[in-house]
Amino acid sequence: MEEIEDKEPRQENEELKIPDVLPLLPVRDVVVYPYMILPLFVGREISINAVDQALSRDRLIFLATQKEMGDEEPTPEGMYTVGTVAMIMRMLKLPDGRVKVLVQGLAKGLITEFVESKPAYTVRIERIVEPSVPEESLETEALMRAVKEQLTQIVSLGKAVSPEVLVIVENMQEPGSLADLIASNIGLKVDDAQALLEIIDPVQRLQKVNEHLNKEHELLDMQVKIQSAAKEEMGKSQREYFLREQLRAIQQELGETDPRSEELNELRKAIEQAKMPPVVEKEAFKQLGRLEQMHPDAAEAGMLRTFLDWMVELPWGKATKDVLDIKRARQILDEDHFYLEKIKERILEFLAVRKLRKKMKGPILCFVGPPGVGKTSLGKSIARAMGRKFVRISLGGVRDEAEIRGHRRTYVGALPGRIIQGLKQAGSNNPVFMLDELDKLGADFRGDPSSALLEVLDPEQNHMFSDHYINLPFNLSNVMFIATANQIDTVPGPLRDRMEVIQLSGYTEEEKLEIAKRYLIPRQMKENGISEKEIVISDEAVRTIIAKYTREAGLRNLEREIGSVCRKVARKVAEGDGRRFRITPATVAKYLGPARFIREGEMEKNEVGIVTGLAWTPVGGEVLFVEATIMKGKGGLTLTGHLGDVMKESVQAALSYIRSKAKEFHLAEDFLSGYDIHVHVPAGAIPKDGPSAGVTMATALVSALTRVPVRKDVAMTGEITLRGKVLPIGGLKEKMLAAIRAGIKTIVIPEQNEKDLEEIPKHILKKVTVVSAKVIDDVLAVALETFPPPPPASEGKPAATVKAPPRRGIAAPRKGAMAGAKS
């Protein structure tokens, strides 16, 4: 490093000869006053050249402040014109190429002309001479005293000013020099400091400095008040802490306890009595220890207290004792629900195994069936029969995974998931836990709740279920989980695989009648404040309500209509009518209005091209009519009725089969030439799809092509292949119930579905004739009036263009009844 020797500082009264032209050094973020000594770091090439020029002459250099601090290449317009002539007292070249100079301000100057710009700025200056101040001026003397006193006061308030400066200030007698010295030491903004430098009159400049000192005094006063308030608050908190500690010590000496200590001791006892697993108990005591060390008002203290409350309230070791009396359990199940034998048998099997083997995992069941068949209420009965607590949570519309697993404790307002909340609500670790509407779970950017349920419903994993909030394992293996769904198709495969699925079919008319007599009518009479003295509802009236006012697989609408009848009777009783009201089929319309549904399928006669099919929907079975007609055309096939792709393909397959067997049906191979076929399924606003309408489509086409009428009392279901084989279908019981509601006498089913008849109650089978079909000819033999069909008058062509006559007494399906119908 190269160093230039020191130059002695000039005294204030020392004569100075300043040349007119000097090298210019632009400075940033500082204003240099006369007689001010400060170091400057010089790094720009143009500035280093200016320093070199000054050192090569008389060490004098002109310092002007830049208007913009970030300007790396300042122009003449970017610098203030009023600056300070300075002497370079010392120069040191640094290893990084920069130069450090120590300068002393000498006199103010005004730039009148920029002479050169390279290799360094050179300027012509005019020295600024300040006017003299009379020594006898009392006003000036008073101002100087006021300024000195103000400076002393702000230093006492904490303003950083060196003691040497204070000594110099006290001995100064010149107002201009006093103003410059104070301005250079109180940390003014660059704009304010430059404005002071440009004031030539010393007294005016000192007055401006006094204004800045007053402003600084006010700011420091406010700062002191803020700091005092903060210290006072901190001191108050510390004082409270010491007093609280002293109070605790005094209470301990007296054998007393403060409320917080008593609360923490109760929490400690609760943890000891909660029968937690060792790992959980260790964590609980650890968090309790943290809570004891915290100030009660600390933000984390509230969160820890809530966490520990959850820990002690969870039923870690609390369980209800199972009632293993199988006969009593059977009695309770029969009291609450009529029929549903399959589910009752499964519950009794569980109790029997539990009786023989004490330790076993809780079953995970899934009840699938239409709305209103008793899935949810069955869970309550199971809990009552087993002597367990019952918890139900609805999963319909749940889209956030945190609803199942909970939120992590770091979030404000975090809580455990609904599984842990349900167990706390139950107060035991082995309740009957119902997950209602499992098929209506959603998923979005917050996660997939169905995936979170995988751990809950897996017997191999749920003994170590970890909720995000608790973050400790909880044993769910003793819980008996029961899920409910309207359709199993929408439940994800991995979740479905973990459950034992039990199908609940819709109720028959006889079952509905029995349930209404045993449960619905007594319940509605009680809810509406009437008794058997005021109302009697006959069995036939109930049958009328079932047939003409409700069309459902379950019982909700039936109970609603019975409730409507009871309310109308209750009103009359309340008005003073003392009669005993007897509800008969003839008087039902008086209370419920005109019949909403007319039995389907009641046609006057057998018709050509109209076939009764059977469909399955999530709300039960439905009757599905298929119509086919032939007309002159170009051999086209038209399909209407909002049919799905599978159903359209069934029509194509049926037509291909008929064409392959045209000779047997007395049809020419080109029987489609010159004719169009139109297949329609009524209720066109409702989407329909599924493979099991194949035999229905084939029968309608054969009837339309051969002009052989279809029997009106025959319904059918089954899938067809190109070889004419009839394949099995699902939902047989629901379809048979729909056929019975429609007055059908004969039902044609696939031969491979004969095994399913064992699960259908005998009283249902007695109402219809069931015919099994292996091939489509078996179906046609039952459905058509004559089979094989006779040869038509015009051999080889369709028998005639048949337009199906209108059916009488057929009500349009209610809105939504066939939504998503699967044939």
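Going from the start of the chain as shown, residues are counted 1 onward.
Glycine residues also receive a Cβ, built from the backbone N, Cα and C atoms like all the rest.
Here Swiss-Prot gives region 'Disordered' for one range in the set 248-283, 788-823: that range is 788-823. Counting only same-chain residues at least 6 apart in sequence, those with a Cβ under 8 Å from the Cβ of Val373 (ATP binding site) are Leu504, Ser505, Gly506, Tyr507, Ala553, Gly554, Leu555. Shown in sequence order, Phe367, Thr484, Asn486, Leu504, Ala553, Gly554 are the same-chain residues outside Gly369, Pro370, Pro371, Gly372, Val373, Gly374, Lys375, Thr376 whose Cβ sits within 8 Å of the Cβ centre of the ATP site.
Cα of Thr376 (ATP binding site) to Cα of Lys735 (active site): a span of 24 Å.
Summarised as a single figure, the pLDDT of the domain 'Lon proteolytic' (605-786) averages 88.
Under the three-state DSSP scheme, Lys375 (ATP binding site) falls in the helix class. With a cut-off of 8 Å between CB atoms and residues at least 6 apart in sequence, the same chain places His337, Leu340, Leu504, Gly554, Leu555 near Gly374 (ATP binding site), listed in sequence order. In this structure, the recorded positions Thr376, Ser692 were compared by how many other Cβ atoms lie within 10 Å of their Cβ, and the smallest count belongs to Thr376.
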